[in-house]
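Enquirer: Pulled the feature table from TrEMBL, pasting it below:
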- GLU202: active site, proton donor (ACT_SITE)
- HIS19, HIS21, HIS199, ASP280: Zn(2+) binding site (BINDING)
- ASP281: substrate binding site (BINDING)
- 14-334: domain 'Adenosine deaminase' (DOMAIN)
- HIS223: site 'Important for catalytic activity' (SITE)
Amino acid sequence: MHLPHLRKLIEGIPKAELHLHIEGSFEPELMFEIARRNNISLKYDSISSLKDAYRFGNLQEFLDIYYEGAQVLIHEQDFYDLTWAYLIKVHSQNVVHVEIFFDPQTHTDRGIEFEVVLMGIYKALEKGKQELNISFRLIMSYLRHLSEEAAFKTLNMSVPFKQYIDGVGLDSSELGNPPAKFVSVFKASAKHGYKLVAHAGEEGPVDYIRDALDTLKVERIDHGNRCLDDGTLIDRLLYKSIPLTLCPLSNVALKVIERLEDHPIEKMLDLGILASIHSDDPAYFGGYMNENYYETARALNLNKGQLMQLAINAFEASWLSKASKAKHIDRVKHYFDTYNV
Ligand code: ADE
Ligand code: ZN
């Protein structure tokens, strides 16, 4: 397909984003604006010098900058503005459903109230639902470089607000922080009615994917790149329809893979794995949903059928009701059936 046609095809696909850290959507322009109004000075003196720092050798180098940027978020309005900016952006890319992460500990450890963080994000999501017709789910992520005890504190803080939160996740530095560290807090989270997901097999080994399923009992894996290392695990992902939320531009930016041409997603699709494309931290990795789809399709030479499958998989993997999934999937199919190049 001609590249301008490919871009146009991708732009029009109705999309679901299931792997997005709201703090990772913090664009430098907004970061500087919020820093100014909160009287906080950033380590970088200009937007361009901040952007120059966005060259990462691995996940940890990214996380150091990502946590630093989040320090300027203080008031409910800041979290609201951050979330609203993300929703406006993805609305322009035809994203119609989002399931987003937030990292409470990044903020509560600086003395920001849990409620301030949550309500800022939630109110913007509610407005997005009313005004942009974007449905949503919200996932609270535990930081795996911190202790399980700290995760328990976060769980306890969340309980009075659990009607606003759909699930819990596990993110931050993967290597050396295996799923086994968080078994009790995941079990307790499930008892409170939270759905469970975890980052696994991004930088960490395939064992972390197995352990996230076996010990944490998660229903969806974030990333999961390394699953192809284990044939038995592949069979299990297929048999149980366990979704993987992949983030191709993130994987290149963080050197999980060297080039997009090496991305495992095409192989996953060939095998029938419920794999889908998402943006992770779009302000840092050079692209939102459309750019992730486009660059991946270009690098792997994906065809229309594969692109349709990716879009369908995301709705299939979502936490929407059965009826809503079916409605969105019908729209995706109709879009591809009637699209003429
Ligand atoms: N937090 C934000 N982005 C992340 C990623 N790609 N992996 C782990 N933790 C994260
Ligand atoms: Zn992530």
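Keep in mind that glycine also has a Cβ here, set from the backbone N, Cα and C atoms.
Small disclaimer: the values here were computed from a predicted structure and weren't measured.
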Enquirer: List every residue in the same chain as HIS19 (Zn(2+) binding site), at least 6 positions away in sequence, whose Cβ is under 8 Å from its Cβ.
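Expert: Long-range Cβ contacts: GLU99, PHE101, ASP222, HIS223, THR245, LEU246, CYS247, HIS278, SER279, ASP280.
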Enquirer: Run through HIS21, HIS199, GLU202 for me and report the recorded positions whose CA is within 10 Å of the CA of ASP281 (substrate binding site), in sequence order.
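Expert: Close recorded positions: HIS21.
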Enquirer: May I ask which of the recorded positions HIS19, HIS199, HIS223 have a CB within less than 6 Å of any atom of ligand 1, listed in sequence order?
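Expert: Once distances to ligand 1 are taken from each Cβ, HIS199 fall under 6 Å.
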Enquirer: Near the Cβ of HIS199 (Zn(2+) binding site), how many other Cβ atoms are there if near means within 10 Å?
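Expert: Its Cβ has 29 other Cβ atoms within 10 Å.
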Enquirer: Quick one: of the recorded positions GLU202, ASP280, ASP281, flag those whose CB is under 6 Å from ligand 2, and say none if nothing qualifies.
Expert: ASP280
Enquirer: Any idea what the Cα distance is from HIS21 (Zn(2+) binding site) over to GLU202 (active site, proton donor), rounded to a whole Å?
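Expert: If we compare the Cα positions of HIS21 (Zn(2+) binding site) and GLU202 (active site, proton donor), the gap is 15 Å.
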Enquirer: Taking the centroid of the Cβ atoms of HIS19, HIS21, HIS199, ASP280 as the Zn(2+) site, which other residues of that chain lie with their Cβ within 8 Å of it, listed in sequence order?
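Expert: Here the non-site neighbours turn out to be LEU20, GLY24, PHE101, ASP171, ASP222, HIS223, THR245, CYS247, SER250, HIS278, ASP281.
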Enquirer: Average pLDDT across the domain 'Adenosine deaminase' (14-334)?
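Expert: Across the domain 'Adenosine deaminase' (14-334), the average pLDDT comes out at 98.
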Enquirer: Within 10 angstroms of the C-beta of HIS223 (site 'Important for catalytic activity'), what count of other C-beta atoms is obtained when all protein chains are considered?
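Expert: Result for HIS223 (site 'Important for catalytic activity'): 27 neighbouring Cβ atoms inside 10 Å.
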Enquirer: Need the DSSP three-state call for HIS199 (Zn(2+) binding site) to compare against my parser.
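Expert: DSSP assigns HIS199 (Zn(2+) binding site) to strand.
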Enquirer: Would you mind checking how many other C-beta atoms are within 10 angstroms of the C-beta on the residue listed as 'active site, proton donor'?
Expert: 24
